[in-house]
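Take a look at the structure below.
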Amino acid sequence: MNIENKKFYIKTWGCQMNEYDSLTISSTIKKHTSYIETKNFIEAEILILNTCSIREKAQEKLFHQLGRWKKLKKKNKNIIIAVGGCVANQEGSKILKRAKFVDIIFGTQTLHRLPEMIVEKIKNKKFIIDISFPKLEKFKKIVPPKFNSYSASISIMEGCNKYCSFCIVPYTRGKEISRPFYDIINNILYLAKHGIKEIQLLGQNVNSYKSTGNNNTKHTFSELLKKISSIPMIERIRFITSNPMDFTDDIIKIYAETPKLVSFLHLPIQSGSNRILKLMKRPYSVEEYKTIINKLKTVRPNIQISSDFIVGFPGETENDFSETMKIISEINFDMSFSFIYSPRPGTPAAKLKDNVNISEKKNRLQTLQKKIKEQISYWNKKIIHSQQKILVEKSLPNTKNQFLGTTENNRKVIFNSQNDVLGKIITVKIIKKKNNFFEGIQQIM
Ligand code: SAH
Ligand code: F3S
């Protein structure tokens with residue numbers, strides 16, 4: 001069948017891992033078929049939905065979206081609808097009960113097989129489902145996405161074995177698998193050769209990274225960081241997400257040795273109450289979390305920390321919540337995320353008795369978010385008049401010599417320059433904040 005010039009469209013919900021997966025889906029389809037991508041779903045003959053199920057209403061959101069696409073399919077019966085991501089893994093063929101018109105269901109670990117599934121579907125017209133977990137095959141088969149700017153994300157591990165009692169990820173993304181060490185390094189060398197200056201390592205728990213190479217050699221996350229930092233063209237390294245339980249001293253040592261590692265770390269604590277942390281099956285205490293931060297601050301005094309918080313976990317008392325507020329004050333976090341606890345099907349916490357009513361949960365969330373906002377303002381003020389290193393990512397259209405760059409703690413800075421600064425890490429003095437941006441003056445060093 002001739003599929004020349006036909007188009008596919010991808011809609012993505014969820015985390016950075018999902019964004020990355022969608023880029024991978026796109027590059028893999030482009031490599032193996034002649035379909036081209038469109039950002040306008042009206043033009044597309046293949047509609048792909050990459051879903052997220054980390055919190056509630058994922059299913060409802062899915063069926064609403066599918067309802068809209070059903071109308072398109074009524075007008076054009078050649079349209080293929082494919083559903084992937086975490087809801088696909090969680091619900092599988094149950095999706096068909098409410099949306100018979102779905103053509104393909106693919107999983108988080110089988111997205112590389114999507115081109116074959118599409119060809120098969122066109123040939124045989126039959127519904128296809130593959131939500132299996134074929135271990136390393138995905139890492140071997142995917143076509144790494146291309147990046148337009150100077151910063152690229154790369155997945156180093158997937159899945160999770162931690163089974164925090166509230167979390168669906170171990171069920172939807174499967175067991176932890178680490179991508180082979182030299183695969184990652186080769187991928188980064190390739191990106192560096194094509195102008196990438198900043199690498200963001202992605203994974204559900206990047207610091208649990210463990211790969212076994214030839215001759216049974218083992219590689220840890222800290223070794224991976226060290227190796228990447230030895231690549232001269234790579235000037236900045238970030239990673240997300242880490243779990244405090246595996247945040248070992250060898251990683252902290254890398255902060256001491258490697259200035260390329262940014263002074264910004266997302267390290268979710270979830271709650272400031274040891275009792276709740278136990279119920280969440282998070283195997284660290286608040287005191288241990290603080291020890292990690294103190295050690296980090298010893299080697300990197302200016303490091304800024306962000307976190308995720310879950311409010312209203314089953315049985316969370318007023319006292320537990322005030323412990324969370326206490327740790328927030330003590331650490332003085334930057335740019336944190338917070339959520340009301342959402343029971344996830346099949347997780348142990350979903351069976352716990354939840355005696356905190358929803359309006360109380362909402363109040364707590366509001367109190368917490370107010371505090372988080374104040375802390376963001378604190379850090380926003382703190383950088384005024386300071387010198388910051390920024391990666392210059394683009395020149396601004398319709399301006400004369402204006403550029404945009406990003407600081408290590410993810411602030412966007414606009415500045416003027418007569419020089420060739422694109423793709424370089426330069427120092428700017430921050431002058432003021434203007435809306436969501438900062439204005440800076442380039443410092444000639
Ligand atoms: N691996 C990361 C978390 C990934 S999930 C870690 O160890 O911290 C991203 C965030 O979503 C979590 O940090 C948590 O704050 C939130 N989250 C996960 N499941 C949730 C649930 N059932 N209800 C509310 N928030 C949840
Ligand atoms: Fe979820 Fe806990 Fe893993 S939050 S992703 S089960 S570390």
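Heads up, the Cβ atoms here are built off N, Cα and C, so glycines get one too.
According to TrEMBL, the domain 'MTTase N-terminal' annotation covers 6-123. Marked as [4Fe-4S] cluster 1 binding site by TrEMBL: Cys15, Cys52, Cys86. What TrEMBL records for 146-381 is domain 'Radical SAM core'. Residues or ranges marked as [4Fe-4S] cluster 2 binding site by TrEMBL: Cys160, Cys164, Cys167.
Positions of TrEMBL features highlighted on the structure.
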{"residue": "Cys15", "record": "[4Fe-4S] cluster 1 binding site", "DSSP (3 states)": "coil"}
{"residue": "Cys52", "record": "[4Fe-4S] cluster 1 binding site", "DSSP (3 states)": "coil"}
{"residue": "Cys86", "record": "[4Fe-4S] cluster 1 binding site", "DSSP (3 states)": "helix"}
{"residue": "Cys160", "record": "[4Fe-4S] cluster 2 binding site", "DSSP (3 states)": "coil"}
{"residue": "Cys167", "record": "[4Fe-4S] cluster 2 binding site", "DSSP (3 states)": "coil"}
For this session: Work out, from DSSP, the number of helix, strand and coil residues along the domain 'MTTase N-terminal' (6-123).
Result: 62 helix, 23 strand, 33 coil
For this session: Specify the count of other C-beta atoms within 10 Å of the C-beta of Cys86 ([4Fe-4S] cluster 1 binding site).
Result: 25
Exercise. Counting Cβ atoms within 10 Å across all protein chains shown, which of the binding-site residues Cys52, Cys160 comes out on top?
Worked result: Cys160
Seminar exercise, completed: Within 10 angstroms of the C-beta of Cys164 ([4Fe-4S] cluster 2 binding site), the count of other C-beta atoms across all shown chains comes to 22
Exercise. Could you state the CA-to-CA distance between Cys15 ([4Fe-4S] cluster 1 binding site) and Cys160 ([4Fe-4S] cluster 2 binding site) to the nearest Å?
Worked result: 15
Problem set entry | Filtered binding-site residues, from Cys15, Cys52, Cys86, whose Cβ is under 6 Å from an atom of ligand 2 | none
Exercise. So which one is it: of the binding-site residues Cys15, Cys167, which has the fewest other Cβ atoms within 10 Å?
Worked result: Cys15
Seminar exercise, completed: Counting only residues outside Cys15, Cys52, Cys86 in the same chain, those with C-beta within 8 angstroms of the [4Fe-4S] cluster 1 site's C-beta centroid are Trp13, Gly14, Met17, Asn18, Thr51, Ser53, Ile54, Gly85, Thr172
Exercise. Going by C-alpha distance, which of the binding-site residues Cys160, Cys164, Cys167 is nearest to Cys52 ([4Fe-4S] cluster 1 binding site)?
Worked result: Cys167
Exercise. Given Cys86 ([4Fe-4S] cluster 1 binding site) and Cys167 ([4Fe-4S] cluster 2 binding site), what distance in Å do their CA atoms have, once rounded to a whole number?
Worked result: 12
Problem set entry | Entries of Cys52, Cys86, Cys167 (binding-site residues) sitting next to ligand 1, with Cβ under 6 Å as the cut-off | Cys167
For this session: Give the sequence-ordered set of same-chain residues, not counting Cys160, Cys164, Cys167, with Cβ within 8 Å of the centre of the Cβ atoms defining the [4Fe-4S] cluster 2 site.
Result: Lys162, Tyr163, Phe166, Ile168, Val169, Pro170, Gln204
